[in-house]
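Pulled from Swiss-Prot, these are the features on record:
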DOMAIN    1-251  domain 'Pyruvate carboxyltransferase'
BINDING   R8, H68, R128, T162  2-oxoglutarate binding site
BINDING   E9, H188, H190  Mg(2+) binding site
ACT_SITE  H282  active site, proton acceptor
Amino acid sequence: MVLDSTLREGEQTPGVNYTPEQRLEIAIALDEVGVDFIEIGHPAVSEDVFRGMKLIAEQGLNVELLAHSRALIEDIDYVLKTGVDWVGIFFCLSEACLRKRFRITLDHALEKISRAIEYAKDHGLKVRFTPEDTTRTEWANLKRAIRLAKELKVDRISVADTTGSTHPLRFYTLVKKIVNFGIPVNVHCHNDLGLALANAIMGIEAGATLVDATVNGLGERAGIVDLAQIITVLYYHYGIKKYRLDLLYRVSNLVSEITGISPQPNYPIVGENAFTHKAGLHVSAVLKDPRFYEFLPAEVFGRERTIYVDRYAGKDTIRYYLEKFGIRDHGIVTSLLRKVKSSREPFTWEKLLEEARRVKE
């Protein structure tokens, strides 16, 4: 399963602040993709965030809705007012956090967590508990917290690689140990070392049943797992076909337009160049069968394949465009290719058509 956190983790990207209407528009688009959960925000942040969350909860979407919350009764009261069914309660339990951030003992922290979970449960909420910075928290502390969560009938535990620095094999081992407690496990993997997707996959292999992601990999610092990538991994490697791959590019563009942040051109699945072919040998092969250089066809993602034209082009590149232009004189291929290869600038299709007409004359 997939939880999308574009509206919570994604909004922690510097420069990103959604209006209530934008929050709703993104939630509707994610519901159409078919994600299982949407983390729609942290209602205690501001009145604007709260209003947007309430607006989403009133829509009757098919997806499960979850609100983020500190282990505070007042935060949970905000969550209850939004009308969602799930609350995600988090608290850091590492010795460093307990001593330096909170200046409390582990016993005190567990009492605080227990009060928050019991309050949420007593008020009808389903609870996901996240020991923040799970991967760097001492196992003795984690074990006590997870046992407490099980006693309190927490619905899900989230394993958070908060600094995005854990080695995938170590992440696998940790998730496996936590899965053995018998509580359904989420994984929340940051991308500070570029390991978010690898860690998410290792989490799945270890028995986690839900992965957190955001559109375009938005989030604090280097962000978290990208939604399009994890959904495609689930489809391609695990045979999970319930998500709308053909809508991933559209939702990426929607979020880019709203946030003003676009993926890098070479970004997988949704980047501008993800299905662009340049080298002549590649183009020649792709025109025969896209599977030579595409693991899935561009059309699966609602995209079009692009053939790029510059000095790396080959004759098949030129023939491809001549046919698109309706020019059947293949005798000009060599002359036109010579023109392309002598230029330091790429050729747009308009420029190529103009040059083809000139050469043909």
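Cβ atoms are placed via backbone N, Cα and C, with glycine included.
Feature map: Swiss-Prot annotations on the structure.
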| residue | record | contacts (Cβ under 8 Å, 6+ apart) |
| --- | --- | --- |
| R8 | 2-oxoglutarate binding site | E39, I40, G41, H42, H68 |
| E9 | Mg(2+) binding site | E39, D212, T214, L218, G219, E220, G223, I224 |
| R128 | 2-oxoglutarate binding site | L66, W86, V87, G88, I89, V154, D155, R156, I157, S158, N186 |
| T162 | 2-oxoglutarate binding site | E132, D133, T134, T135, R136, H188, H190 |
| H282 | active site, proton acceptor | F292, Y293 |
If the Mg(2+) site is taken as the center of the Cβ atoms of E9, H188, H190, which further residues of that chain fall within 8 Å of it by their Cβ?
S5, A160, D161, T162, C189, A196, D212, T214, G219, E220, G223, I224, V225
Return the residue, from the listed binding-site residues H68, H188, H190, with the maximum count of other C-beta atoms within 10 angstroms of its C-beta.
H188
Over the domain 'Pyruvate carboxyltransferase' (1-251), what does the predicted model average in pLDDT?
98
Using DSSP and collapsing to three states, where does R128 (2-oxoglutarate binding site) fall: helix, strand or coil?
strand
Environment of R8, H68, R128, T162, the listed 2-oxoglutarate site - residues of the same chain whose CB lies within 8 A of the CB centroid:
S5, E9, E39, H42, G88, F90, T130, S158, A160, H188, D212
Just checking a number: largest C-alpha distance across R8, H68, R128, T162 for the 2-oxoglutarate site, rounded to a whole Å.
16
